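Chemist: Straight out of TrEMBL:
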type	residues	note
BINDING	S296, N328, L393, D396	Na(+) binding site
DISULFID	C167-C176	disulfide bond
TRANSMEM	87-108	transmembrane segment
TRANSMEM	129-155	transmembrane segment
TRANSMEM	213-234	transmembrane segment
TRANSMEM	246-273	transmembrane segment
TRANSMEM	293-310	transmembrane segment
TRANSMEM	322-343	transmembrane segment
TRANSMEM	372-393	transmembrane segment
TRANSMEM	424-450	transmembrane segment
TRANSMEM	456-479	transmembrane segment
TRANSMEM	500-525	transmembrane segment
TRANSMEM	545-567	transmembrane segment
Amino acid sequence: MQYSPMGSLSHRVPAEWLPSHRMGLAPLLLPFHNNLNIPGSNGVARMSFCSPALGTVLAWEMSGGSLTFATAMVEDSSKDSVEGVFLIPYFIMLFFTGMPLFLMELSLGQYGSAGPITVWKCCPLLKGIGIGMLCVSTLVCLYYNVIIAWTFYYLGSSFQSPLPWSCDAPANAPLCNSTNKTNHLSPPEVFWNERVLGVVNSHGLQDPGPVRWELALCLLAAWVIIFLCILKGIRSSGKVVYVTATFPYFVLIVLIIRGATLEGSLQGVAFYLTPVWDRLANAQVWNDAASQIFYSLGIGVGGLLSMASYNKFDNNVIRDTLVITIGNCGTSFFAGFAIFSILGHMAWRKGVPVEQVADTGPGLAFVAYPEALALLPGSVFWSILFFLMLFMLGVDTLFGNMEGITTAVLDEFPQLRVNMKHKILFLALLCFGFYLMGLLLVTDGGIYWFTLIDSFSTSFGLIIITLFMCLGISFFYGVNQFCQDIVDMICLCPPWCTKLLLYFKACWVFCTPFLLLFILTYIFLEMYRTSLHYGTYVYPLWGKALGVCIGVVCCIQIPIWATVAICKESGTLKDRFQKAIRPLNSWRVNNLNISTQEPRVEPERIEGPFTVTLTEMDFTGIAWESSEA
C-alpha cells in the first residue's frame, strides 16, 4: 500500500501507536511544539524544529564548543605554529562528516519517532549502536555537569567586589606587581588552580584527596535544577530558549568590541586568521577539526536523535540540517574573534606568543575569559552576566543529553511512563546516581579524573559508533531506502532538496566512512605513541589503560547486541543474519497510510516478500514488495 504523506503523524496512525506520552523533552522545544508529536498542539505559532535544535546546539557551542574551538587552535598552534590553517580542515570536516551525520540522526529520529535504542527497529542487528550512544551520553552527563558546577562557583564569586581573580584584589597584588615574567602565573590562573580546583593539593589519579564541599554543593544544585527541568517537562520551562539563543551573541559582541580596543588584540586576530599552508599535511589538525565538529554538533550521543523523534513527520530535515550546522559553524567563527582578541592582549602583556597565554582544555573558559572580564569597566556586572549565560547554556546542554538518556530508557520500559510516581522515582535515582559518581570529579585531584573521562568518552568509541551507524544505514538498511524515507517525510520536496540528497548519499556511502576511518586510525596511532597528560602531570600506564576501557565499553556494545540479535533468530547463521537486518514491522508504521483502516494486529517481523537489490550506490539496499495485487 502506497504511503501518502499528508498532515502530521498523529493524523496517519492509531493513537495507541503514537509516542504521545513523551512529555519530558528538553524545554527548548516548547515554543515550537506545533511541529512536535504532542497532543494538544494548537498551532499558535508554526515554527520548525530547527529553531529549538539550533538553540540546543548553540547552548552546546557557547557553553563549550566555542571554547574547545579556540582550545583546538591553541593546541595545534603549539605544534610548529599551525595558526589559522585549522579553519580549513574544520570547514571540510563540517561538509563531509558533520552535515551528513547530523542529517542522518535527525532523519532517523523523526522517521522512527523513537529514541536512540528503539529507533534501531530499522535494523535490529545494530541495536548496540543505540546502547553505545547511551553509554557515551552517560559519560558526557557525568563530567559535563562538573563544568556547570565550576560555572556556578564562578557566578557566586562574581558578586564580590573586587573580583577575586582581578589585580584589584589585595591578595593578588604580589602577582600583578611582579617583575619576573618567567613562569609567572596570573591571578585568574592562581584562582582556578588553587581556589577552585585545589589541584595543587593532589599528586595525581591515585591521590584524589577530599571532596571540595563548595564544588559539591554547586554540583548538587546543578543536578537539582536538571531534575526539576526533567520533572516538569516540556510545557512548563521552554521559553528560556528565547533568552539562551540570543543573549550569548550580545555578550560576544561586547567582548569583541572591548577586545578590539585592547593593545595586542590584532596579534591574536592575525594568529586566528593567518594560515600556514604546509601544516595541512599534519594529521593532528584534521583530527582536531573532526573532534570539534563532533563536539559542537553533539553527534553520536543520542540527544539529537531523541529531540528529532518529537518532530512532526513531515518536517523538512534537510533545511533544518543546513540551518543548524551552518549556524553552529558561524557561531564558532564569530566567537573566535572574541576569544583571540583577548588572548592577543594577554600575550602582549606577558610578552609571549599567543599560544602560550592560556591553558588548554576547560581552563581556557575559566582563565582567559575571567581575565578579559576583569579588564572591562564594571567588571563585576559583566562577570555576573557572562557566567550566568554560561550556567544557563550549560543547563540547556545537559538537559538535551539527559533527554537522550531518559527517552532511551523510557522507550524500552514504557511502564515507567504510565505510573508518574515510578517515573519521578526513576528520574530522582538517575540524577542522584550521577551526583554521587560526580563527587569524584570535585575532589582536589578531580581535574585529573575529569580529563581522563573527557579524553576517552568521546574519543575512538564515539567514532566507531558513528562509523557503524553510517555503514549500517547505508549498506544494511539501504541508502536508497533511507533517502526515500527522507523524501516521504519532506512530502513536497523542492528541487534543491533532491540535489542535496545526492550529495548526502555520496557522503554516506563513500566520503564520511573514509574520513571516519582516517580519524580512527590516527586516534589509535596517537594512543600508542603518546602519553596522556594534564599540565605537567603525565598519566600512569594504568590510568591510560582505564581510559581505553572507558572507550571500549561504549563501542563493544555493537558486537554484543549484534550477537544477541542473531541468537534470537532461527535457521542457519546466514538466515539469522538476514533476518536480523530486516526492519521490524513497527518501524514501517510511519510508511503506511492506515488512517482509513481499522487498527489491526500485525506480526512483529516483516517476513516477506523480501528482496535485496543491487544499485549503483546502494550495495545492499532493502526493498519491500506489496503482497496485494
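Each residue, glycine too, has its Cβ placed from N, Cα and C.
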Chemist: Fill in the CA-CA distance, N328 (Na(+) binding site) to C176 (disulfide bond), as an integer in Å.
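Modeler: Just about 37 Å between their Cα atoms.
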Chemist: Looking only at the recorded stretches 87-108, 424-450, 456-479, which one has the largest tally of CB-CB distances under 8 Å to the transmembrane segment (213-234)?
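Modeler: When the Cβ pairs under 8 Å are tallied, 424-450 comes out ahead.
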Chemist: Comparing the disulfide-bonded residues C167, C176, which residue's C-beta has the most other C-beta atoms within 10 angstroms in this structure?
Modeler: C167
Chemist: Can you see whether DSSP assigns S296 (Na(+) binding site) to helix, strand or coil?
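Modeler: Where S296 (Na(+) binding site) sits, the three-state DSSP reduction gives helix.
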Chemist: Could you tell me whether the transmembrane segment (500-525) and the transmembrane segment (424-450) are in contact, taking contact to mean 3+ Cβ pairs under 8 Å with a sequence separation of 6 or more?
Modeler: no
Chemist: Can you name the far-off residues of the same chain, 6+ from the ends of the transmembrane segment (500-525), with a Cβ under 8 Å from a Cβ of it?
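Modeler: Residues packing against the transmembrane segment (500-525) from afar: 93, 96-97, 99-101, 103-104, 283-284, 286-287, 290, 318, 322, 459-460, 463-464, 466-467, 470-471, 473-474, 479, 482-483, 486-487, 617-618.
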Chemist: Using Cβ atoms and a strict cutoff of less than 8 Å, what residues sit near the transmembrane segment (129-155) while being 6 or more residues removed from its termini?
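Modeler: Distal contacts: 63-64, 115-120, 196, 214-215, 218-219, 221-223, 226, 300-303, 305, 362, 365-366, 370, 383-384, 387-388, 390-391, 394-395, 397-398, 401-402, 404-405, 408-409, 434, 437-438, 441-442, 446, 450, 453-454, 457-458, 461-462, 464-465, 468-469, 472, 550, 553-555, 557-558, 561.
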Chemist: Taking the Cα atoms as reference points, how far is C176 (disulfide bond) from L393 (Na(+) binding site) in Å?
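Modeler: One finds 32 Å between the Cα atoms of these residues.
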Chemist: Using C-alpha positions only, work out which of the binding-site residues S296, L393, D396 is nearest to C167 (disulfide bond).
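Modeler: Closest by Cα distance to C167 (disulfide bond) among the binding-site residues S296, L393, D396: L393.
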Chemist: Can you check what DSSP calls L393 (Na(+) binding site), collapsed to helix, strand or coil?
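Modeler: DSSP assigns L393 (Na(+) binding site) to helix.
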